[in-house]
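A.B. asks: What follows is a single structure, and I will ask about it in a moment.
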Amino acid sequence: MRREGLGLLRAFLVLVGVSALCSVALGTRKGNTSLDQRSHRHRHPGHVSLHRHRQRTGKEGQVLHRSKRGWVWNQFFVIEEYTGPDPVLVGRLHSDVDSGDGNIKYILSGEGAGTIFVIDDKTGNIHATKTLDREEQAQYTLTAQAVARDTNKPLEPPSEFIVKVQDINDNPPEFLHGPYYASVPEMSNVGTSVMQVTATDADDPTYGNSARLVYSILQGQPYFSVEPQTGIIRTALPSMDREARQEYDVVIQAKDMGGHMGGLSGTTEVKITLTDVNDNPPKFPQSVYPMSISEDKVPGEEVGRLKAKDPDLGDNGLVKYNIIDGDGMGIFELSTDSETREAVIKLKKTVDYETKRLYTLKVEGSNPHVDPQFLAWGPYKDEATIKISVEDADEPPVFIAHSYTFEVEENAPEGTLVGRVHAKDTDVANNPVSYRIPQYTDVEQFFSINPEDGMITTTRPLDRETQAWHNISVSAKETGTHQITKVRVNIKVKDVNDNAPEFATNNEVLMCETIAPGKLIETVSAVDKDEMANRQHFTFSLAPEVAHNHNFSLKDNRDSTASIYVLRKGFSRLTQDVYFLPVEINDNGFPAMSSTNTLTIRVCSCDSKDTILSCNVEPYVLPAGLSTGALIAILACIVILLAIVVLFVALRRQKKEPLIVFEEEDIRENIITYDDEGGGEEDTEAFDIATLQVDDCWTERDERRFKNPTRR
């Protein structure tokens, strides 16, 4: 019976727990009903029965095998977070061959076996010894096996089954990315989406409502609302104005269990900021702005400021200012301060209290950036009136003209009237004015001025050729004050024909001896120091005393030049080397001026090509025949020669030889000593003086022979 029971192992699960009827009913179901289906309905511990494969004998003794599942129901459930005093019974393993005598041993292995899950090897009861958390591990895979206790021989192949941790609602929803920051334009329509918030729940979303979340708003009504299912936050009130309130703190709640009572919840904060739109036109705080400016202020001086208020931000709050009307549009100008955004009124032209004492300007401030959505709320501009009063100031005298230009003839006598300057006091008092010429503007004091009426006169005759213009200043001072004004006075000295003409260039001409009659030797021109400009014209003629000379003639070319020609031939510089030809020059001034200028003609020797070789006057010959390059070459040759001489002397000294060779020869020839008495001609014949004069072969032996000569 035992062998037959081991061969017929089967597995089945019997649910135990709530009622015996449920256990019986579940036990009568077909074997292919899964544990997972039953456990989802009843959630009770199970009972697993082990069976072996049954063998059948077929035809002709053939053994047939029919395999059955070792585990009919292979899934258990255990409630998470169980905190009871006793271990939780998960289920029971049982074999139909187990007669209760203890010969069957049940073994459990796999995840958590022996630590989390323990088994009674006799009864097969499985208990959970620790509290389980589905969020840490949702299921465990275990392996069950039945073996013989005495031999440990497997009675059934190992089979796996799963213990699932049954979820309970033990985790509240969480907003992982909070707190949140969002923005929405002011004046947005109701229902405008602001942002979406999302919460997460660690509970099992596939079981019950533990992870089904519902969103609600706890703080932020009535301005905002939230969609319960999506968490989208929307505006709930129209015309929310940023200028009234800019920031809102909204609290959003997420609750599980579909929002029903008993569910867990979590909250997050959302800071919502209203962004600016151009919904406010600029507005001047005042309709009229009084300002004032003193009449002594110069252009560019600031008169005053004004500013239109616009509560919008950035470009929406920019205000552009313009002068659109008023009698002061040409006198004043407007600019905008880049930092303060104020309209700055400045003086463009000087004002005069005595002429006009009040000006009016109309200024417009407008938004350059207008939102088309809010055009109907316009117009986005405002106007203000500026009244500018001119204040009286003690001003210096004012000259009628900004500068004066006068003319006076040169050589005019002392006291000649040049012109008159005039200044007046523009103030109401109209005080008298006195005049003077500052000395630093007329150092040589050519002019004087009447302090009462401003009449300028000369102090001595002026020369245009020395100074054609005199630029001086005249100061006017108001009596009884220190107010002084200066004006520029330019005085032109008019030209008078008081200078005779003269030759324009050098009045010396070089002429060859062999020149042919009728040859042009020079064209002369003239200059005049007087100011004749394009009207200047000169005429030339020979002086009366040489008008009929036979050497040279003059032809007036009628273009302020004259040509000099030769009348004869046969000039000789040995006979006469210089000729003087007086030429009379006349100008066309009024009265006309004339002068006699002498033209010097030098006779020179020339070659066949009429190139001048020499003249009697060396200053003319040397420059013509000897160039600067030639002079440099000559100097270089001299320096080279000197260098050679110095080098020669240095070499001679280095050899220690006398500079003059014949001195040594004289010594050798004159200094002769010997012991014998003189023998007359015999002595002379006995010595060869030429031998003693050998330069390089003179030795001590020669010297001894010289002192003791051998007689023949």
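Glycine too: its Cβ is placed from the backbone N, Cα and C atoms.
Here's the feature list from TrEMBL:
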- 1-27: signal peptide (SIGNAL)
- 32-63: region 'Disordered' (REGION)
- 39-56: compositional bias 'Basic residues' (COMPBIAS)
- 95-175: domain 'Cadherin' (DOMAIN)
- 176-284: domain 'Cadherin' (DOMAIN)
- 285-399: domain 'Cadherin' (DOMAIN)
- 400-503: domain 'Cadherin' (DOMAIN)
- 503-621: domain 'Cadherin' (DOMAIN)
- 630-651: transmembrane segment (TRANSMEM)
A.B. asks: If you average the pLDDT over the domain 'Cadherin' (95-175), what number do you get?
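C.D. replies: The answer is 84, the mean pLDDT of the model over that range.
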A.B. asks: Across the domain 'Cadherin' (400-503), what are the DSSP residue counts per state (helix, strand, coil)?
C.D. replies: 3 helix, 47 strand, 54 coil
A.B. asks: Just to be sure I understand, if DSSP states are collapsed into helix, strand and coil, how many residues of the domain 'Cadherin' (176-284) fall in each?
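C.D. replies: Its residues divide into 3 helix, 45 strand, 61 coil.
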A.B. asks: Can you tell me how the residues of the domain 'Cadherin' (95-175) break down into helix, strand and coil by DSSP?
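C.D. replies: Helix, strand and coil residues of the domain 'Cadherin' (95-175) number 0 helix, 36 strand, 45 coil.
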